[in-house]
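One structure is given here, and the rest of the page talks about it.
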Amino acid sequence: MILNTPIDMHLHLREGKMLKDVIPYSAKQFAAAVIMPNLVPPVDNRQRLESYKEEILANSENFTPLMNVFMREYTEDELLDLAEDIFAIKLYPAGITTNSEGGVKSIENVYPVLEIMQELNIPLSVHGETNGFVLDREREFAVVYEKLARDFPKLKIIMEHVGSAELLDLLDRYDNLYATVTLHHLLLTLDDLIGGALNPHNFCKPVIKTPKDRDAIQKFVKSGHKKVMFGSDSAPHPIKNKLKGAAGLFSAPVILPALAEFFDGDIETFQKFISDNARENFNLNVPEKKVEIIEEEWTAPYIVGEVKPMFAGRVFRYKVL
Ligand SMILES: NC(=O)N[C@@H](CC(=O)O)C(=O)O
Ligand SMILES: [Zn+2]
Ligand SMILES: [Zn+2]
């Protein structure tokens with residue numbers, strides 16, 4: 001099967017040696033990816049944006065980085081200057097996930113920024129979790145999404161890496177809400193993290209949840225819902241950091257083989273999820289790239305640089321050419 005212009009709507013590439021180790025997997029399988037800005041220090045100004053984009057371009061071919069910047073209290077001039085060169089601005093509640101210490105302490109603080117983003121047609125991307133009980137954090141954030149959607153009716157808001165089924169119900173209630181779904185929230189549950197021996201490699205934020213949540217997410221994705229887009233949230237951490245509890249799952253190497261098995265021949269829905277929905281929802285102008293997947297056994301890598309990938313060593317029925 002041939003996929004037309006696959007796009008990963010949520011990707012962490014990091015910097016330096018880590019970027020060099022992980023980027024080939026995304027550049028091989030995707031035409032473009034939305035690049036997350038939670039570096040240390042964050043990508044939150046023009047200079048950092050440009051140098052990071054150059055680093056990505058210098059280490060890949062035929063791969064379009066759609067850059068995000070880290071939410072802070074930008075001025076109108078800064079936003080006017082950034083608008084042409086970014087896909088979206090990413091809002092992290094302070095301290096809620098990896099490298100989000102400098103995130104937003106109170107959403108009201110950035111209301112003036114959101115006002116200008118709405119005018120300039122810059123989408124807002126959100127890591128939506130409260131600091132409540134771990135399994136309730138996404139569900140509890142629903143009221144924040146609803147308030148944002150109502151207060152800024154023309155602002156396009158992306159609920160990132162949805163893991164709680166309730167959030168998906170908001171898509172049909174608010175025109176301006178969209179969602180990304182990861183491979184791990186689509187396929188895994190808490191059993192894969194703590195059901196047997198503790199598996200820190202499957203630990204991420206938001207945490208993978210119940211079979212009920214996973215099944216609802218699968219149903220939504222299989223329905224071809226236009227507002228649901230693939231965003232891997234592939235987030236590599238060195239094994240030694242994972243063993244100290246770092247949140248993030250490195251899925252990049254196995255994405256298309258795993259999704260090909262999931263869609264099991266339904267290429268039409270696969271194509272929408274992996275590309276068409278994103279391109280239509282956000283008028284993305286990404287150079288066309290065809291990616292061929294063949295039916296042939298393929299073994300996922302055991303290790304990539306210092307990182308253990310999702311489904312390490314697993315044999316898939318499909319291989320990316
Ligand atoms: N998903 C994660 O658990 N971690 C991500 C950050 C994020 O997307 O929240 C990371 O950068 O490691
Ligand atoms: Zn996140
Ligand atoms: Zn992420």
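Even glycines carry a Cβ here, placed using N, Cα and C.
Cross-referencing Ala58, Ala142, Ala247 with the substrate binding residues that TrEMBL gives (His12, Leu13, Arg14, Asn38, His127, His237) picks out Ala247. With Lys90, His127 listed by TrEMBL as binding Zn(2+) 2, the candidate from His161, His184 annotated for that site turns out to be His161. When Asp233, Asp264, Asp266, Asp276 are compared with the Zn(2+) 1 site residues His10, His12, Lys90 in TrEMBL, the one appearing in that site is Asp233. Among the binding-site residues Arg14, His127, His237, the ones whose Cα sits within 10 Å of the Cα of Lys90 (Zn(2+) 1 binding site) are His127. Most Cβ neighbours within 10 Å among the binding-site residues Leu13, Ala247: this distinction goes to Leu13. Minimal Cβ crowding within 10 Å, among the binding-site residues Arg14, Lys90, His127, His161, is found at Arg14. Listed in sequence order, Val34, Met36, Ser125, Glu160, His161, Thr180, Thr182, Gly231, Ser232, Asp233 are the same-chain residues six or more apart from His10 (Zn(2+) 1 binding site) with CB atoms under 8 A from its CB.
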